[in-house]
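Enquirer: First, the structure itself, so that you have it in front of you.
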Amino acid sequence: MLIPSKLSRPVRLDHTVVRERLLAKLSGANNFRLALITSPAGYGKTTLISQWAAGKNDIGWYSLDEGDNQQERFASYLIAAVQQATNGHCAICETMAQKRQYASLTSLFAQLFIELAEWHSPLYLVIDDYHLITNPVIHESMRFFIRHQPENLTLVVLSRNLPQLGIANLRVRDQLLEIGSQQLAFTHQEAKQFFDCRLSSPIEAAESSRICDDVSGWATALQLIALSARQNTHSAHKSARRLAGINASHLSDYLVDEVLDNVDLATRHFLLKSAILRSMNDALITRVTGEENGQMRLEEIERQGLFLQRMDDTGEWFCYHPLFGNFLRQRCQWELAAELPEIHRAAAESWMAQGFPSEAIHHALAAGDALMLRDILLNHAWSLFNHSELSLLEESLKALPWDSLLENPQLVLLQAWLMQSQHRYGEVNTLLARAEHEIKDIREDTMHAEFNALRAQVAINDGNPDEAERLAKLALEELPPGWFYSRIVATSVLGEVLHCKGELTRSLALMQQTEQMARQHDVWHYALWSLIQQSEILFAQGFLQTAWETQEKAFQLINEQHLEQLPMHEFLVRIRAQLLWAWARLDEAEASARSGIEVLSSYQPQQQLQCLAMLIQCSLARGDLDNARSQLNRLENLLGNGKYHSDWISNANKVRVIYWQMTGDKAAAANWLRHTAKPEFANNHFLQGQWRNIARAQILLGEFEPAEIVLEELNENARSLRLMSDLNRNLLLLNQLYWQAGRKSDAQRVLLDALKLANRTGFISHFVIEGEAMAQQLRQLIQLNTLPELEQHRAQRILREINQHHRHKFAHFDENFVERLLNHPEVPELIRTSPLTQREWQVLGLIYSGYSNEQIAGELEVAATTIKTHIRNLYQKLGVAHRQDAVQHAQQLLKMMGYGV
């Protein structure tokens, strides 16, 4: 819940001097990306901008405090301020900020700018007290904001120092409007206006000018002088002389003498007690100070000029001038030290009553009241956890004694989930083990089941499926039906375990159950996870179309619940890329992989390994080895600088081994084969993939016998576990083994099986990457004209893809080849006496490669009628009548020249 006062522009007060010269400068603010107002405390920055903002509608205001260094809190308030300025135009961003469903501030801002592209009016966003921001991530994100904000948006930043926002660059590009302390300092005329408004007896212009010069036009000093003069403690000029040369850090003594010592004791205590509140309203004041009418007291303090300012148009929320507020808080610690814990407790209770638990926690921590802090956490911690208030929760839990956590195991569980969310898996188990050892009777308690559900999640994340299965089953046996979150976790883990063990049908059923429960209870990240797992399972079973449809449901969920920036989104677009690649939709597959990298742009580069491997797969399928090599350099660098799950390594190794196969790099393959992991089992698609990598490397090295043993065992496992996509891949690799070993009939047999199975999987690119060896076999099958219709169609499609992406494969009939052919002693006499033109040789090569007349015309960029003429001349010179005869003739020529066909 957001505090309204932080989003309210300060009310323009009566008796303030209208800064006409500065307002004139600000009137052109819409021509700049950034308007920067900087000065030490008390120069009137906020007052000036509130005057400028008066009457403007398209403006959002965000007043910062120290707590806004939390990225999630900063994001929530900033987006809320934009919503205020646009009347709720950016609904998607608002939902993402509220639910913390974004990968980083920069990615959230990128989405914001997409939505603002439809907002065409001038727009202003004011951020007050930016000097309070010390978080470098927020600074970097705001630099991104300024670089990419729409042209019609102006950011207005108020700060006591020069913020780290790339100011120099903006200044050089004339995109910065600056107002500093010298311009903010009051002129003689403004000082005279100020005193005329504040003092019952006007002072002479010359006297006013001298006072203004004595304090260098510092607005706070002028206000203190006016206050002192009204209280008749000193003359205005005497006060001015005392303040001359003083800066904000040396005001304490003066404020004690001239303000606190000149109010009655009740007012003094009111000021000191109320100052602990960063913002205040009637209810807070009544509870903290004991005053019966808080609103009336606040208005009275405001009338006395005691540096209190309204924060909203309704006059409900107030705050002290930052300079005076800091002074009062320091004095409160000295003068009311004994009462201070009770004052903070009162503030916490009042904030809780108004529904602001995070503010209440701030005061409970300040009070050092562990019992109050415990009670707040017991009632609100899980809500704060689900809203990603992780740093606040961590600080709170650290403040509680261990005994308090033991008495409330829910808080131990919360602390463990915090660790799990930060991938501190070892610490999770240590914490839970210690708690279970010390909590009496917990093993008979439902809490023990919740512990086990979390432990199961940690175990599966840490690559220990057997332990995860044991713990998940224990949790499900012990958890009551109503404990939905832990039941969702345990069910999901059990489904993932079964997936790892190759029990796909049971795994699919559990993941569907997880999805249903997660949707019912609005646990959207587990709903998304279950859909992703379902898609992977269906892909492994060979049901790629159903996997596609499941992915569509996942994309719909992401859009509806604004989950675009969860890291899980990358998983979804990556498996979509894998599916598109299988179907030879390479441009779409590449775009999907790149979008996955974009989702992870704010994470460590190592997280991008899988998407990078997918990009390399696209390059390999296109036969673009130069691009593949460039990307492989980066992939191998990432592999050497990170720790990865075994299936990540397997996917990365896959593209490396295929590249070595395509380039004939036997040395690299042999070196890799000596050091790579050889899993004990092959009962899921992750392990099947690694063993397939091993077999491919063995085939490249001519180690056909061990490769055949591996592939036959893989096929046996794949058939028994119904891993149909893996079976399809294995058959293709076995085909290459047989082909290279000269076992042509075996090669044809498994290729026919692979083509038949591809009717179910839809595989295209898995055939294409095998290159010319695959093309030669498919040409022969097509020429035999014995394939069933579906397989015939697929074979022709695969051949077209090979020809399109591996054009060097049909370059046998280039000029050098033809010259060598004509000089060969066994060349047919007909070719010697009626030589083909270079164009006719090109056409023969394309016919042999399986191109249709239309495709040949497109390849050579000539009319189809021209191609028909070339073919007629070609047939006449070769003495053939049909295309199949021409293909056989070309095949004989290639064999004569020593090419294996």
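In case you wondered, yes, glycine gets a Cβ from its N, Cα and C as well.
Per Swiss-Prot, region 'DT1' is recorded for 1-241. The ATP binding site annotation in Swiss-Prot covers Ser39, Pro40, Ala41, Gly42, Tyr43, Gly44, Lys45, Thr46 and is backed by sequence analysis. The feature region 'DT2' is assigned by Swiss-Prot to 242-436, with a curator's inference given as support. Per Swiss-Prot, region 'DT3' is recorded for 437-806. According to Swiss-Prot, the region 'DT4' annotation covers 807-901, on the basis of a curator's inference. Positions annotated as domain 'HTH luxR-type' by Swiss-Prot, on the basis of sequence analysis: 829-894. Per Swiss-Prot, the feature DNA-binding region maps to 853-872; the stated evidence is sequence analysis.
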Enquirer: So if I measure Cβ to Cβ from Tyr43 (ATP binding site) and keep only same-chain residues at least 6 apart in sequence, which ones fall under 8 Å?
Expert: Ser181, Leu184, Ala185, Trp218, Ala219, Thr220
Enquirer: According to DSSP, does Ser39 (ATP binding site) sit in a helix, a strand, or coil?
Expert: coil
Enquirer: For the region 'DT4' (807-901), how many residues does DSSP put in helix, in strand and in coil?
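Expert: Helix (H, G, I), strand (E, B), coil: 68 helix, 0 strand, 27 coil.
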Enquirer: Identify, among the binding-site residues Pro40, Gly42, Gly44, the residue whose Cβ has the fewest other Cβ atoms within 10 Å in this structure.
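Expert: Least crowded of the binding-site residues Pro40, Gly42, Gly44, by Cβ count within 10 Å, is Pro40.
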Enquirer: What other residues of this chain sit with their CB within 8 A of the center of the CB atoms of Ser39, Pro40, Ala41, Gly42, Tyr43, Gly44, Lys45, Thr46, the recorded ATP site?
Expert: Arg160, Ser181, Leu184, Ala219, Thr220
Enquirer: Near the Cβ of Ser39 (ATP binding site), how many other Cβ atoms are there if near means within 10 Å?
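Expert: Excluding its own Cβ, Ser39 (ATP binding site) sees 23 Cβ atoms within 10 Å.
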